[in-house]
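J.: If you scroll down you'll find the structure; I have some questions about it.
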Amino acid sequence: MAGCLLIGIPGLEYLHIWLSIPFCTMYVAALASNSILICVILSQPSLHEPMYIFLSMLASADVLLSTATMPKALANFWLGSSHISFDGCLTQMFFIHFLFVADSAVLLAMAFDRYVAICSPLRYATILTSTVIGKITAATLTRSFIIMFPSIFLLKRLHYCRVNIIAHTFCEHMGIARLSCSDISINVWYGLAAALLSTGLDIILIAVSYIRILRAVFQLPSQDARSKALSTCGSHVCVILLFYIPALFSVFAYRFGGRFIPSYVHILLANLYVVIPPMLNPIIYGVRTRPILEGAKQMFSNLAKECN
């Protein structure tokens, strides 16, 4: 194939310019807030703890995920730049799904961190050592690569003989597969299995972790301790729901809801889940986590002193 044409949001082409305004605003806000969060965590030694290290990993994955999609979508909205090479389309598809699976794994790691901190506080420092965090990071990247790399070969093996138009703002696995005139049942079932065995398993383990966390929290003798633990866990649950609900709706709607759900609905949701969680995560953690607020104040205070 010479390349693909990403036509944006079908049925809403006349609104592309107007839609680009909130999408661009959210993307810039996500870049700025996550960059600040990463700088705060890196610059403050008091934040060099597992919880904040995982949070910086989440912020990094969020920046990369939104950057893998939004610049091309905005170029399409503003300039009508819809063409993308086939290899470029495969590359974008790989990194979007790779980063989504990595994001999910980081959320699982954060749930495990809170589980250990609340259910086994005396063993926290001995369980979550720097070596263990390094292994978790390596496992996250390795798992994401192993899950998503075969999808490139599953798409390369197909014979493409149809019009190379993708009704989306970015390239994703099933959007590319549907350009083929070959049997794509393997692609359908592989994509579904990959989603269920990675993200689905993560959701189950996260749910189990928070059920056990809540049981432990309500057994704490101190009201202040319970409030603090619930506040921290509440932040995590908000981030988890923001990430999974629109993403999973988009995944299943694209595969099974084509007859019942207008295409522009799941394409809008697909675009929203790559910018809204990255934009809101730093705000949720920044507002609800005092050490991050204090670290941000200290970092900007130090910058002001250096400028003066």
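Note that Cβ sites are derived from N, Cα and C of the backbone, with glycine treated the same way.
According to TrEMBL, the protein has these features:
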DOMAIN    33-285  domain 'G-protein coupled receptors family 1 profile'
TRANSMEM  15-40  transmembrane segment
TRANSMEM  52-74  transmembrane segment
TRANSMEM  94-112  transmembrane segment
TRANSMEM  124-149  transmembrane segment
TRANSMEM  188-211  transmembrane segment
TRANSMEM  232-254  transmembrane segment
TRANSMEM  260-280  transmembrane segment
J.: Who are the chain neighbours of the transmembrane segment (52-74) in space, where the CB to CB distance is under 8 Å and they lie at least 6 residues beyond its ends?
T.: 6, 8, 20, 23-24, 27, 30-31, 34-35, 37-38, 41-42, 81, 84, 92, 95-96, 99-100, 102-103, 106-107, 109-110, 113, 133, 137, 140, 169-170, 239, 271, 274-275, 277-278, 281-282, 285, 291-292
J.: Ranking 94-112, 188-211, 260-280 by Cβ pairs under 8 Å to the transmembrane segment (232-254), which is first?
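T.: Most contacts with the transmembrane segment (232-254): 260-280.
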J.: Checking distant contacts: for the transmembrane segment (94-112), what same-chain residues at least six beyond its ends satisfy Cβ-Cβ under 8 A?
T.: 51, 54-55, 57-58, 61-62, 64-65, 68-69, 136, 139-141, 143-145, 147-149, 151-152, 170-173, 194, 198-199, 202-203, 205-206, 209-210, 236, 239-240, 243-244, 247, 274
J.: For the domain 'G-protein coupled receptors family 1 profile' (33-285), what is the mean per-residue pLDDT, to the nearest integer?
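T.: Taking every residue of the domain 'G-protein coupled receptors family 1 profile' (33-285) together, the mean pLDDT is 85.
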